[in-house]
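Engineer: Residues annotated as domain 'G-protein coupled receptors family 1 profile' in TrEMBL: 13-262. Marked as transmembrane segment by TrEMBL: 6-24, 73-92, 112-130, 167-197, 209-233, 245-264.
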Amino acid sequence: MIFSLIYLLTLTGNTSIICAVWSSRKLHTPMYVLLTNFSFLEVCYVSSDVPKMLANLISQTKSISYAGCLLQFYFFFSMCAAEGLFLSALSFDQFLAICRPLHYSIIMTNRLCAWLVIFCWLGGFLWLLTPVTLISQVPFCGPNTIDHFLCDLAPLLALSCAPVPGITLACVVISSLIIFLTFLYILGTYFCVLSTVLNVPSVLGKHKAFSTCASHLAVVSLFYGSVMVMYVSPGSGDYHGMQKFVTLFYALATPFFNPIIYNFRNKDMKEALKKFLYVL
């Protein structure tokens with residue numbers, strides 16, 4: 001019941017943001033276009049594993065087909081990669097807004113915004129093609145019992161009939177690259193942002209900039225903190241309960257908190273939501 005409630009609230013929160021931005025012309029700007037796509041990604045992300053998890057919680061069989069397992073792995077982690085790319089795109093938007101305010105409208109055009117959205121979606125799904133292809137070549141033999149609530153990398157490789165160090169290494173490197181490259185890019189942009197904010201003479205200007213940055217950094221910390229803890233030792237046969245809890249956190253709790261932290265603290269978003277709910 002708790003997981004079902006969190007899942008429904010996550011869908012409601014992210015969908016309401018999409019509707020609010022769509023219904024308000026004031027929010028038809030690059031930043032909110034990115035946020036809308038980010039919210040839609042969260043809906044898809046949480047729906048790629050939670051419904052199956054909820055079904056298994058009440059089911060006696062608790063089974064998933066081989067093809068279904070590979071598809072769940074591919075879609076879940078593709079959207080995980082896309083989330084990192086969208087967070088990078090949002091940090092780039094923040095960097096332009098704070099560090100290059102006079103050039104923002106020239107650089108962040110609707111055309112560039114559209115290309116960023118396409119890049120984030122395609123990049124996430126193309127990045128995971130190699131890992132899922134490699135995993136499909138792993139020889140599996142019984143008992144095919146996955147020690148997890150989703151088809152994750154470590155529990156899948158633990159079911160292999162023979163050691164597959166090459167495939168394990170390749171999957172780990174590919175997965176780690178997207179995580180660390182996007183994380184380092186975000187750190188770099190926010191280092192520039194914070195350096196600029198500290199030089200702002202106005203106290204009100206500093207407060208406004210720090211408030212905006214704090215929301216984004218909170219979302220980044222939630223996502224990357226849990227993901228990095230999770231993949232410190234991938235491919236290990238000893239899959240601890242703590243790792244399952246961390247996976248549950250970034251698979252369910254992070255999409256739940258993101259709209260609260262990132263959007264509902266935004267004054268323009270609050271006004272748009274009020275108008276949208278009033279129309280309903």
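Cβ from N, Cα, C; glycine included.
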Engineer: Taking the transmembrane segment (6-24) as reference, which of 73-92, 167-197, 245-264 has the most Cβ pairs under 8 angstroms?
Structural biologist: 245-264
Engineer: Please work out the mean pLDDT for the residues of the domain 'G-protein coupled receptors family 1 profile' (13-262).
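Structural biologist: It averages 85.
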